[in-house]
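Peer 1: Before anything else, here's the structure in question.
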């Protein structure tokens, strides 16, 4: 009793809450226990491991008046244990191991009762059920966004008197007072000028924001996630993503948001096949897309960095309002900037027919329309030339506005604005090629495949290829980009032109800068993302990267059965590390496992609240059995259930190219470095990123993590 009282007087009680420790964790390396000496010699007096300890109830450290009382409150799960704080990296190896153990336990219990069997079956199908719900919700939201976007776009011009929830097209569908040629003019649709007698024209604040709609590209979405988003993408995730995309596409098709019984956002139907010579202008569009991508990334990152480092970043709402007002003022006079971006792209992709009333289709008709068939190339009319000037101005405005809007605190989007830039450039080039073939069909480059009066060039195809080129230059996508484009447009037979433009834009953009827009923003925001696209080819070892380094404080560790609650609380309060290695003893440094900071905090706090007798001098142990304790000592605290007994380890002589590959493919948060089974140090993902930067002749200390 006197020994316990003296220990409590020396160490004191720490009954306070751990809330002050919760917000200080990070993924940094682990170090800093003063007075700890590394000893790598083999000793015979190494403390025994779990299997070598015989349970002796007379030494189990019971509480006051009890010699066999042992705290093991973690047999029941505690809320919060095993979870992660916000903005912390997920340890995918640990999560996969825990999921496997949980599934094994459920399977073993399934033979005990019918209810356990039902629980096992429901657990097996829970992942697929979640994918089903995600697909249904995604498809429903996509349909809602599509319908709402079209309605809000038309709301800028007028409103349907038969029902305000109808957009312009749906309003005129059931009208008995309109012909097919004038299908967009019906008495049920009234413009604001007809409803409001005024000289205060209506400007829409929505002109600044891009239209964010679902693309109706389920396969391309899965490939985009695989190519651009995820660095840890197991096969199970691929199948489930495909299933979710399938359900979302089915739901979107059932809603029929476009009113044409099609799933695609920009349906195209070109009647003329492309010719081999046209690969030259397609490649030119790829070069333009690469130049645009490099320009956009550099200028946008410079503007976003200025936003983060100046007073501008403190007023995001003011920035949005100012950019919106400027965009509305500049965009409204031009009909191509006034319309929604998705509507503009649809018009640029369009293959002109006899009944099209757009200025882009204002050609001089010098043929007999009664013969039917495909429309030949025709000389451009006044409307086409006027549209070319307006599109040129639209191109300049779209380039400038997109640079400033992406990264603002508003969902302005990236895909649609980038596609619009490329579609405008492609349509301009396509019309130019069309007129060149019409007036000079006898040139050597045309006479073998383009005769007078034939339909040789399709400007809408050039717009589609240009859209793919600019989107590829910005995002550096290749496979998923081509799939998304032919899913968006339904133009499966034009894969080769899309592939040529996508690859050319990527090569040109990579020559001017290796990072895509997503990678650049990840680096700008300080996210510890380990890029999987480039190989690590340097001949360094794990011992060159691990912490602690030479002249650094020693590694912070916990011992398996000799530290008190106060000792652990002190380490938690004095460090910000996200986890701690557990060793047999500081002298031996034999590795036992790894425990997360968050789990320690929650477990100790829960024990103080719910278990009697847990005080600052209570011994914490991570072994299967309680260590031998003298009588009349406070109850011990068993935390073995929160200990990871199989942390990922590498030796100090492991090449870093293997370590980097392990981090990329397994999604590791950290790995421990050992030498002959003894703990030497730790390597975290941030250490790997800093080392890669150092090998690229960058200052590793200049890399800031958010």
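Even glycines carry a Cβ here, placed using N, Cα and C.
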Peer 1: Can you dig out which of the ranges 162-180, 181-199, 238-256, 257-275 TrEMBL describes as transmembrane segment?
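Peer 2: That would be 238-256, per the transmembrane segment entry in TrEMBL.
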Peer 1: Would you mind giving the whole-number mean pLDDT across the domain 'CBS' (642-702)?
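Peer 2: Looking only at the domain 'CBS' (642-702), pLDDT averages out to 86.
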Peer 1: Counting only residues 6 or more past its boundaries, what in the same chain has a CB within less than 8 Å of a CB in the transmembrane segment (414-433)?
Peer 2: 210-213, 215, 278, 281, 284-285, 288-289, 292, 296, 341-342, 344-345, 348-349, 360, 380, 384, 388, 391-392, 394-395, 398-399, 401-402, 405-406, 457-471, 474-475, 517
Peer 1: Where DSSP helix means H, G or I and strand means E or B, what are the helix, strand and coil counts for the domain 'CBS' (642-702)?
Peer 2: 26 helix, 18 strand, 17 coil
